[in-house]
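Participant: So TrEMBL lists these for the protein:
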type: COMPBIAS; residues: 637-652; note: compositional bias 'Basic and acidic residues'
type: COMPBIAS; residues: 653-663; note: compositional bias 'Polar residues'
type: REGION; residues: 630-670; note: region 'Disordered'
type: TRANSMEM; residues: 27-49; note: transmembrane segment
type: TRANSMEM; residues: 56-74; note: transmembrane segment
type: TRANSMEM; residues: 94-116; note: transmembrane segment
type: TRANSMEM; residues: 141-170; note: transmembrane segment
type: TRANSMEM; residues: 176-195; note: transmembrane segment
type: TRANSMEM; residues: 202-220; note: transmembrane segment
type: TRANSMEM; residues: 303-322; note: transmembrane segment
type: TRANSMEM; residues: 334-356; note: transmembrane segment
type: TRANSMEM; residues: 407-436; note: transmembrane segment
type: TRANSMEM; residues: 457-480; note: transmembrane segment
type: TRANSMEM; residues: 486-508; note: transmembrane segment
type: TRANSMEM; residues: 515-534; note: transmembrane segment
Amino acid sequence: MPPESCCQEHVCNISCPQPVPSPPKGFGIAVLVSIALSFLVGITTFLCVKGRADNFFVAGRSLSLPVVAITLASQSLDSNALLSNANFSFKFHFYDGAVIPIGLSLSLFLNALFFASKINREQLLTLPDLFAKTYGRTMEVLVSLATIVSFLFLLAGNLVGLASILTYTLKLEPVTAVWIATFAVWAYTATGGLFSVAYTDLVQSAIGWVGCVACAFWFIRNVSPGAPEPSRGFPGYIYPDALGDAGICDAYGGVSCIFNSSLCCFRASNITDNGAFPLGDQAVFAKQMFSHTALSPFPNALLWNWATIVILGFGNLAALDFQARCMASRTPRVAKLGCIIGGCLTLIVGIPFSYLGAITRVFFGPDSVHASFNADSCNTLLGLPSCAEWLPDEQAFLHLLTRKAPAILGGWCLIGLVAASMSTSDGAILAMGTVFSRNLLRQLSPLFPHALRRERLLLLARLSTLLFAVAAGAIASFSASITGTLLIVAFDVVLATVIAPMFGCFYAHKPSARAALLSFGTGAIVRIVLQFVLHRDGSFLLPYSAKEFLNYGMAASLKEPLFVDNAADRMWDPTQESCAQEPFRDYSGVDSLTSFAASVIVFVAVQFIERYTGSLFCFPGDSPCEIEGSCEDNTESGEKIGLDESCERESGSNDMDTPSPGTGTIAGRV
């Protein structure tokens, strides 16, 4: 039952929001069964690892094309991405959610074009290995740290997504749900490694994707219209057109208004709503990605949406789990084709979820009986002196699945979301543990030669996964309502630091360790500085001069809105009782694009300068090296290839056309 009284009813005469009933217990059981099934598959693969590191890290380099394509798509189609997609398109509009699968699929297509086959040929275990072979130990360590930080946020976002489903279906506390999700994902990842990831992904695709796509298309086919229609209104509501125009007024049987007979008003016998969509809504606004006023009278986060595509499209190229699957592919061709197919699958499954945003607004949007408004808010453009700001329900999409879809389809889709979250989470944990043990702890082997032997690499990787699972669980427990933002932050980190040097590994002539170091450092510094210098208000909206880009003000009056028929002295007059609205002012996206551009410019500039001057300077660990132990050998003593000798050889004018040490297998053959 709705509450007896609420602010929006007392202040604005809008009915109190009706609560949505809790989901039936069967949905909670389905979620638990899904987790148990994924857990069982992962634990079973413990037998496949057989104590071998290459089995644990890259599945013995044995993955076939179907497995590679499915596992790559699975890393894109996680609960973090799918729930964020549906939630953003519900709260804002289609492309605010669709940019997520678009960006992730773009990343797979770019990876197929530039990296997949080349990385597979290098016979690497981790992405930082590539930087060690090209730029040396220092860049290996820096890239390892950057990618681990990136994946902590990625994992945290997935744990939040999985926890939100557990919280909703099992009525758990959010923090409890986060830690249950953390333990379940960690346990089977630590045992089975990439074998558990790969075969869990197969289970996910067989069960989850079909359910998600079937549920999405059921809604698209059966809910008509697929977006909120023009508002029917309430007693006194004025329609935006006139009697006899064959428009909204006539469609709803409107009548002449009492106080102004030239206007068309709501007919008392009609079904009522809140008048939130005078002209109706649309499933998609075609110009949303090209005009900042495309969603008028509401603002459009144009720059942020394009920035999201760039962040995910390019930043995800440094995703440890994506590249691990390329390394584990049976052949370079399998790696390349797997990326292309995975990108297509990402679009096929992800885009329908963007359409569900408008459908969710039909049932749980501002014109629904469940709508909640901030009574202390006004907006002049909307003609509302109070109750102007709609407060979207964070669980609206889960309500849609459990209350508006057939039970089988809704439960099937929930299982798919859970499987997707489990899949990406275990891949993230595995990737961090692998990089930590192989690329960071290995640097300490001269100090602890017996404790850090290669034979103990697998054990160290398994132990370190617990550390990262707990760290991500801690981040998730403090960010229970933040999913999509964590996904974007994850790849924002590596976009600013890793991507430019990564392209240099294969596409620069004699890739320079100094160019990589300065590019990494410049991108990181610019990103950090702009994080604190640029203004942010949480809206993701630039301060355009258009009237749509004014934030809600505090309630200006208790009088009637401008679209309600009443006596003149009872109508709100904005010129007399003004709504004090400040412009939106959020430069999110500018920092990401600027730091990426700075990183690219510095890398290209240093490469160009050193082509004619030789090495600009030297630093420890700037010698390219083979992965298995030779990094340590290059700097272990003055008798071996040391810092000064390496720099001297690289800077000699007679050696300008000679590949630098260690790059012959990478840049030297491109």
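All positions are counted from 1 along the displayed chain.
Here the Cβ of each residue, glycine as well, is placed from N, Cα and C on the backbone.
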Participant: Cβ pairs under 8 Å only, please: of the recorded stretches 94-116, 334-356, 457-480, 515-534, which one is richest in them relative to the transmembrane segment (141-170)?
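Facilitator: The listed stretch sharing the most Cβ pairs with the transmembrane segment (141-170) is 457-480.
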Participant: Hey, which bits of the same chain come close to the transmembrane segment (303-322), Cβ under 8 Å, at least six residues off its ends?
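Facilitator: The answer is 72, 75, 95-96, 99-100, 102-104, 106-108, 110-111, 114-115, 126-127, 143, 146-147, 150-151, 154, 197, 288-289, 424, 427-428, 430-432, 434-435, 487-488, 490-495, 498-499, 502, 540-542, 586, 588-590, 592-593, 596.
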Participant: Using a Cβ cut-off of under 8 Å, list the residues of the same chain at least 6 residues beyond the transmembrane segment (334-356) that approach it.
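Facilitator: Contacts with the transmembrane segment (334-356): 63-65, 68-73, 76-77, 81-82, 85-86, 89-90, 94-95, 97-98, 100-102, 104-109, 111-112, 116-117, 119-120, 209, 212-213, 216-217, 219-220, 226, 283-284, 325-327, 397, 400.
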Participant: Who are the chain neighbours of the transmembrane segment (94-116) in space, where the CB to CB distance is under 8 Å and they lie at least 6 residues beyond its ends?
Facilitator: 72-73, 76-77, 81, 84-88, 283-285, 288-289, 301, 305-306, 308-317, 319, 322-323, 326, 329, 332, 335-340, 342-344, 346-347, 349-351, 353-355, 357-358, 484, 487, 502-503, 506-507
